[in-house]
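**Q** Please find one structure pasted underneath; my questions will follow.
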Amino acid sequence: MSNKLIWVDEDDMEKSQRQRNLDEENDFVERSMEEGGKSIMFRIPAELEEDRGGWGNKLDFLMSCISLSVGLGNVWRFPYLCYKNGGGAFLVTYSIAMVVCGIPIFFQEVAIGQYLGSGGMTFVGQLCPILKGVGFATMTIVFLLDVYYCVIIAWTLYYIISTVAYLPVLPWQGCDNLWNTKDCFTSGSNLSFVNGTKKFSPVEEYFDRQVLGISGGLEEIGGMQWNIFVCLCIGWILVYIIIKRGLHQSGKIIWFLALFPYLILIVMMVRAVTLDGAGAGLLYYVVPKWEQFLTPGPWVDAASQIFFAYSIGCGALPALGSYNKFHHNSYKDAVITCVVNTFTSVLAGVVTFSILGHLAHEQNVNVGDVVKSGPGLVFLTYPEVVLKLPGAPFWAIIFFIMLLILGIDSAFCLVESFITGLMDNWSTVLRPHRQKFTATVCIIMFLLGIPMVTHGGMYVFQLMDYYSASGMSLLWVCFFQTVAISWTFGVDKLCDCIEQMMGTRPNMFWRICWKYCAPIVIAVIFVQQCMEYQTLRYGEYNYPLWANIFGLGISFSSMLWVPVYAIYYLLTQPNSIIQNFKDGLIPAIKQRKISICDKTTGQLITQSKVGLITPSVSLVQNEKLNS
């Protein structure tokens, strides 16, 4: 490895403890006189030469945040949770959670990641060593999330392939296919007997019977859906290709993936709101059922959806922020991303509920009874509106390409957060083998996702979605993360860090949200959910007791990291338990390395070491390579 020679102003160097240590270690190799005063050239010790990489363009980070947070969580998960919780009631609770939890914690995670230059596994442990288990819990959650998230991509790929195969018609267009039943109905057919027997649209039967081949329950897992299996393979190959060199190297891809979906959503919205019955669906969407506020469902789902959609508590935001230049103004990026995310969710909700109103009009039922709420809701509503567009096959292909893009860009950001977290914790072992390690992780996640592409795969999928990366486990991790940052490390120190990086100090609103609103809201919702816990169901199917126990085990697999590591820390540190506890509350921050991209060569270069907590003092004037 070549030695990097950096010119540093002597006055600044005398103020830097790190550079004084270098002086004591005789790492200086040359002294010379420069205009304006004496300068000293020194060599960075080889063991500290660790290059994380960096964004080549300021907007790459913003687009990466949008790609991460604006995804299937907006188009797929937000509408079905909103439908499940009575429409308008969920919108109110979602808005409250966004203001007091979502935006403040989003900015907090990005800022801390940028300041420390570390991913989601290590940053909490640096701020509060006794709570380092939060990082392990985060990595467990994001690992489980990655396992089942790519299954949605597989469903989407199947829709794209089957749409092309059935041209010039759509496979879900009528009731004359092999997978249809006698209970299938089409628009304009005689529906006088709908009230006597439950009827299903061609779209619904296509998804349940052809795509999923769904069985009667979790007890009937059945054989493999080989078409979906192949699509799952393709999905993981796409994810690996994008992230194999590191997410920060994928700026141009991220730009396209972040912007393209909005064109398609707007086209869908224009058509959806003009359908017969769309008004009833929109009223269901925006008018709250006030009795719902007295139940924990809308509150728990709103908070968990905020964290899920914003990717809070998953380690992804600190990982993205860690690739920023030290003085980058990530405050603007955080606010813009959160606003864009909420706008996307609301836009997707308008499309979904307009279609649900249209379906309710055709079936002569209430909007709340038109379809079963579940993870497949997006595959039941959007294909329906596609049928109403001229050139339906073209728009179907475009829509599912959009859905694929939304899934892929969120998936590779989440996988990257897991890889970055582990490499930050075991950097000397893993970083030299990044591509091999990335391939290994993708293969393991793919293998674990295979049960979700069987005939009973949807039941496994919803079990994972309900217990692994939302609800209790995610709230638990976010609570302790917020406590570690805002209480143990302290809001004042956090504001000092942000002021040092961005030149402005957060106002009272941010301080109150960080210290009081966010942890209190999270704790109250968590306790309420535990008190009124309900077992899982999919449509009319109630999950058996053993499945719910297994699901709770999935939740505890991440949650237990926090207390277990705290006990481990107290027992293994050299001092008494009381002293270890006190030491565990003292920040143990490592210095970060700023990474920048030389625009003339396109090469990533290391700018400097930056002292943390105290103001940064190293000013780089030039960099030379001594081979």
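Every residue gets a Cβ built from N, Cα and C, even glycine.
Bear in mind that TrEMBL entries carry predicted annotations, made automatically and left uncurated.
Owing to the predicted nature of the structure, the values given are computational and were not obtained by experimental measurement.
From TrEMBL, here are the annotated features:
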type	residues	note
BINDING	VAL70, ASN74, ASN341, LEU406, ASP409, SER410	Na(+) binding site
TRANSMEM	88-106	transmembrane segment
TRANSMEM	143-161	transmembrane segment
DISULFID	CYS175-CYS184	disulfide bond
TRANSMEM	224-243	transmembrane segment
TRANSMEM	255-286	transmembrane segment
TRANSMEM	306-323	transmembrane segment
TRANSMEM	335-356	transmembrane segment
TRANSMEM	394-416	transmembrane segment
TRANSMEM	437-461	transmembrane segment
TRANSMEM	473-491	transmembrane segment
TRANSMEM	512-529	transmembrane segment
TRANSMEM	549-571	transmembrane segment
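Give me the lay of the land around each of these features.
**A** Every protein chain shown contributes to the tally, and the Cβ of CYS175 (disulfide bond) ends up with 18 other Cβ atoms within 10 Å.
Non-local neighbours of the transmembrane segment (224-243) in the same chain are 150-151, 153-155, 157-158, 161, 211-213, 250, 253, 407-408, 411-412, 415-416, 419, 438-439, 442-443, 445-446, 449-450, 453-455, 457; each lies 6+ residues outside the stretch with a CB under 8 Å from one of its CB atoms.
Sequence-distant contacts of the transmembrane segment (255-286), counting only residues of its own chain at least 6 positions beyond either end whose CB sits under 8 Å from a CB of the stretch, comprise 59-60, 63-64, 66-67, 70, 75, 82, 87-88, 91, 344, 347-351, 353-362, 367-368, 382, 385, 388-389, 395, 398-399, 402, 405-406, 408-409.
Below 8 angstroms of C-beta separation, residues 62, 65-66, 69-70, 73-75, 78-79, 82-83, 87, 91, 94, 98, 102-103, 106-107, 261-262, 265-266, 268-269, 272-273, 275, 278, 281-282, 284-285, 309-310, 367, 370-371, 377-378, 381-382, 384-385 of the same chain, each at least six residues beyond the ends of the transmembrane segment (335-356), sit close to that stretch.
Long-range contacts of the transmembrane segment (394-416) within its own chain (CB-CB distance under 8 A, at least 6 residues past either end) are made by residues 64, 67-76, 142, 145-146, 149-150, 152-153, 156-157, 159-160, 163-164, 170, 235, 238-239, 242-243, 246-247, 250, 254, 256-258, 260-261, 264-265, 267-268, 311, 314, 316, 319-320, 378, 382-383, 386, 438, 441-442, 445.
Residues 143, 146-148, 150-151, 154, 212-215, 217-225, 228-229, 232-233, 236, 239-240, 243-244, 374-376, 415, 418-419, 422-423, 430, 538, 541, 543, 547 of the same chain lie 6 or more positions beyond the ends of the transmembrane segment (437-461) yet place their CB under 8 Å from a CB of it.
Below 8 angstroms of C-beta separation, residues 101, 105, 108, 112, 124, 127-128, 131, 134, 137-138, 141, 300, 303-304, 307-308, 312-313, 467, 511, 514-515, 518-519, 522-523, 525-526, 529, 554-556, 558-559, 562, 585, 587 of the same chain, each at least six residues beyond the ends of the transmembrane segment (473-491), sit close to that stretch.
Counting residues 6+ beyond its ends, the transmembrane segment (512-529) has Cβ neighbours under 8 Å at 97, 100-101, 104-105, 108, 296, 299-300, 303, 471-472, 475-476, 478-479, 482-483, 485-487, 491, 494 in the same chain.
Non-local neighbours of the transmembrane segment (549-571) in the same chain are 129-134, 136-138, 140-141, 144, 463-464, 466-468, 471-473, 476-477, 480, 536, 543, 577, 580-581, 584; each lies 6+ residues outside the stretch with a CB under 8 Å from one of its CB atoms.
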**Q** Using the alpha carbons only, what distance in Å do you get between VAL70 (Na(+) binding site) and CYS175 (disulfide bond) once rounded?
**A** 35
**Q** Rounded to a whole number, how many Å is the Cα of CYS184 (disulfide bond) away from the Cα of ASN74 (Na(+) binding site)?
**A** 29
**Q** Which binding-site residues are spatial neighbours of CYS175 (disulfide bond) here, meaning Cα within 10 Å, out of ASN74, ASN341, LEU406, ASP409, SER410?
**A** none
